[in-house]
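**Q** According to TrEMBL, the protein carries these features:
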type	residues	note
DOMAIN	B:44-175	domain 'PurM-like N-terminal'
BINDING	B:ASP46, B:ASP108, B:ASP268	Mg(2+) 3 binding site
BINDING	B:ASP46, B:THR61, B:ASP108	Mg(2+) 4 binding site
BINDING	B:THR62, B:ASP63, B:ASP159	Mg(2+) 1 binding site
BINDING	B:ASP63, B:ASP108	Mg(2+) 2 binding site
BINDING	B:ASP70, B:GLU325, B:TRP369	substrate binding site
BINDING	B:TYR138, B:GLY158, B:ASP159, B:ARG190, B:SER270	ATP binding site
BINDING	B:ASP271	Mg(2+) 5 binding site
Protein chains: 2
Amino acid sequence: MTNQPKAPETVGRVGEEVVLETLRAAVDPHNSAVTGTSMDLGPGDDAALLTATAGAQLVLTTDTMSEGQDFRREWWLGSAELSALAGESAEKWAMDVGTKAAAQNLSDINAMGAVPTALLVSLTLPADLPVQWVKDFYRGVIRACQQPGAQRCVIAGGDLGTGEQISVTITAVGELPREAEGQPAGGLRRSGATAGDVLAVCGPLGRAAAGLAFLEMPRDELTDPEKLHHLDQHADLLAQVLTAQQCPTPPLTAGPAARAAGATAAMDISDGLLRDAGRLARSSEVRIEFDDGALLVEARTLEPIAIAVGSTPDQALSWVLGGGEEYALLASFPAVVELPEGFRRIGTVADANGAPGVITGSAVESIGWDSLA
Amino acid sequence: MTNQPKAPETVGRVGEEVVLETLRAAVDPHNSAVTGTSMDLGPGDDAALLTATAGAQLVLTTDTMSEGQDFRREWWLGSAELSALAGESAEKWAMDVGTKAAAQNLSDINAMGAVPTALLVSLTLPADLPVQWVKDFYRGVIRACQQPGAQRCVIAGGDLGTGEQISVTITAVGELPREAEGQPAGGLRRSGATAGDVLAVCGPLGRAAAGLAFLEMPRDELTDPEKLHHLDQHADLLAQVLTAQQCPTPPLTAGPAARAAGATAAMDISDGLLRDAGRLARSSEVRIEFDDGALLVEARTLEPIAIAVGSTPDQALSWVLGGGEEYALLASFPAVVELPEGFRRIGTVADANGAPGVITGSAVESIGWDSLA
């Protein structure tokens, strides 16, 4: 382990049974503390048992996060300068990976307008990883379940294996409560947007991408006094974009709120605003027209980070348009609906006229982004 | 790719969207063909939607299979001699990995006495893997869902990512039908065995371990004419043990049948008979007494493979006692119950007398296995 004190206990040395005990010691108190859980049998048998709420639909999603592909340990353990700026450590690394792996699945449940009830966690771990990492990882998963909107969510089970790199697969189970009158059948799908709707978003845009750009910046640039002074001046914003990338908190009450308000379609932004809006537009067979002005306002706040990583201010708009792993909630609402708290308007939905997709204004086109839509 | 013709299309070259289309083309026809499915919305949105049968409990389990840890591609692509003996190929490799990844999860659902209704499949794939591999992998997953007992099982969704090695995480969702009178509450747990019960098993023992021993044998031994002649004489058995390891078919109707017959406890054998029986004994706070004679009968059939891999006949008994990945179903039944079809008696359940665990006879102890229990 680079940059870490010698670990007294590693996953490989203590063996599977001890690691399982360790994680049970983290998970059981959380599960016991969850009120309103539907779990009848938790980790430890061949499978977990839950009782679904009568009449509720079941919502299921799964996502994998792999070291190297989705995160690098150097983002947390990279340099003294990074530690000074962002308070990084091995503990934060493990907790953040747990939180993010859970959050991206909870976000998918949220995007259907549903409430998460259980997670299953499958971990592949290198033998030289400290057992403490597993404890901290589960603390991170539990932290994600303690966010508003996820409080009914237990950790129902999982699997443990060894491999050369860390890989985490989480499956989230949720419930879509029985429909009230006026709610779309079967949750918030991508396919329900209608001409005349307002397009709105809940949660910041472009921050995770800005955070990633900072984390991937050559570390020796962090020794430049001028750059450090600039970053010092924008320390709060830097902390926000790093948190958005390393330890995101999707707006987990926004999905059910959007459904209750009568949203016609929704999806979370995991591959970038324009790309995901394009998918929603094609699923719904509509044309989405973005409000250039609204997007430029979103971008302006990120310009100090664009400058910090050595880009032009235009980079900030690119992050807003194309940044992945955002977990903001994109939704369409009938024009007469008052947007639920936290949603802001970023465009309108129009007839496809035979060409479903996304239209952006001249400011967006000027930086070469129209081709993606 | 070693030992494969040049692949015209790889996962990395065609990109995520094309791979997703490929797998949807495999999955959608299967899902459409499943009768009695509870799926309302399949792959393609943020999450899948299912309607649970009224009154049924939900059963959840997840398992990861990683290249290098759980399988090696050399088992299928290793040598001309192996190909001649076992008909190995790249197609069989991909299908077998899909079938086994699904089967081990379906086995966990079965072990609760439940019926599988949906799988979620998260795939991590090297960029140089042929797209054909993904097609064949899904054919293998579908093959597992076509086994008796799994016919209601759809593929509800998944995730796709890249990594250095193949890694597959499958989550299985099942339903435990409302209890009939006399059935144990909440499915077949590990904790319900009672003194006086009969211990029985459904499905072969030790075969997957025997198959593994053969696959891990140095390949140059396969060029020895005497060994090849011996293997030729036991070709059917060799095929059976290889299938048990590479492409298992757990007895998926046995769990619900055991539950209906009044079984008091059950679990699948994934870490070896003695180890798993020890877990069942400790969960139930009982003592399991194995019938040495019955285990010796199981072992005798595997002796030709023990000889083929250069071991003594005792090795066959070790496979029966300690062989993992077996997916046979271990269950306890009240002595008055007639064992359901496919189950055979291998021991009895006694009072723990303060020391829950497993007792074996002198034949087992003589080969040094008692310590594990």
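Start at 1 and count along the chain as shown; that gives each residue its number.
Placement of Cβ uses the backbone N, Cα and C atoms for every residue, glycine included.
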**Q** Average pLDDT across the domain 'PurM-like N-terminal' (B:44-175)?
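**A** Summarising the domain 'PurM-like N-terminal' (B:44-175) by its mean pLDDT gives 92.
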**Q** Check each residue in the chain of B:ASP108 (Mg(2+) 3 binding site) that is at least six apart in sequence and keep those whose C-beta is under 8 Å from its C-beta; list them in sequence order.
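**A** Sequence-distant Cβ neighbours: B:THR61, B:ASP63, B:ALA172, B:ASP268.
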**Q** Long-range neighbours only, meaning 6 or more apart in sequence with Cβ under 8 Å: which ones does B:THR62 (Mg(2+) 1 binding site) have?
**A** B:ASN105, B:THR169, B:ILE170, B:THR171, B:ALA172
**Q** Measure from the CA atom of B:SER270 (ATP binding site) to the CA atom of B:ASP159 (Mg(2+) 1 binding site) and give the result in Å, rounded to a whole number.
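**A** B:ASP159 (Mg(2+) 1 binding site) to B:SER270 (ATP binding site), Cα-Cα distance: 26 Å.
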**Q** Under 8 Å Cβ-Cβ from B:GLU325 (substrate binding site), six or more apart in the same chain: what's there?
**A** B:GLN104, B:ALA208, B:ALA209, B:LEU212, B:GLN245, B:PRO248, B:SER270
**Q** In sequence order, which residues at least six apart in the same chain have a CB under 8 Å from the CB of B:GLY158 (ATP binding site)?
**A** B:LEU23, B:PRO43, B:LEU120, B:VAL121, B:SER122, B:LEU123
**Q** Fewest other C-beta atoms within 10 angstroms of its own C-beta: which of the binding-site residues B:ASP46, B:ASP70, B:ASP268, B:ASP271 fits that?
**A** B:ASP271
**Q** Using C-alpha atoms only, work out the spacing between B:ASP70 (substrate binding site) and B:ASP271 (Mg(2+) 5 binding site) and round it to an integer in Å.
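**A** About 13 Å separates the two Cα atoms.
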**Q** Among the binding-site residues B:ASP63, B:ASP159, which residue has the largest number of other Cβ atoms within 10 Å of its own Cβ?
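**A** Compared across B:ASP63, B:ASP159, the most Cβ atoms within 10 Å surround B:ASP63.
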**Q** Would you measure the largest Cα separation among B:TYR138, B:GLY158, B:ASP159, B:ARG190, B:SER270 for the ATP site and round it to whole Å?
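**A** Taking every pair of listed residues, the largest Cα separation comes to 32 Å.
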**Q** Cα-Cα separation of B:ASP271 (Mg(2+) 5 binding site) and B:ARG190 (ATP binding site), in Å?
**A** 15
**Q** Around B:SER270 (ATP binding site), how many other C-beta atoms are within 10 angstroms of its C-beta?
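**A** Here the count is 20.
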**Q** What's the CA-CA gap between B:TYR138 (ATP binding site) and B:ASP46 (Mg(2+) 3 binding site) in angstrom, rounded?
**A** 21
**Q** Can you give me the Cα-Cα distance between B:ARG190 (ATP binding site) and B:ASP46 (Mg(2+) 3 binding site) in Å, rounded to a whole number?
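**A** It is 35 Å, counting Cα to Cα.
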**Q** Listing the binding-site residues B:TYR138, B:ASP271, B:GLU325, which lie under 8 Å (Cβ to Cβ) from chain A?
**A** none
**Q** Using DSSP, how many residues in the domain 'PurM-like N-terminal' (B:44-175) fall into helix, strand and coil?
**A** 48 helix, 47 strand, 37 coil
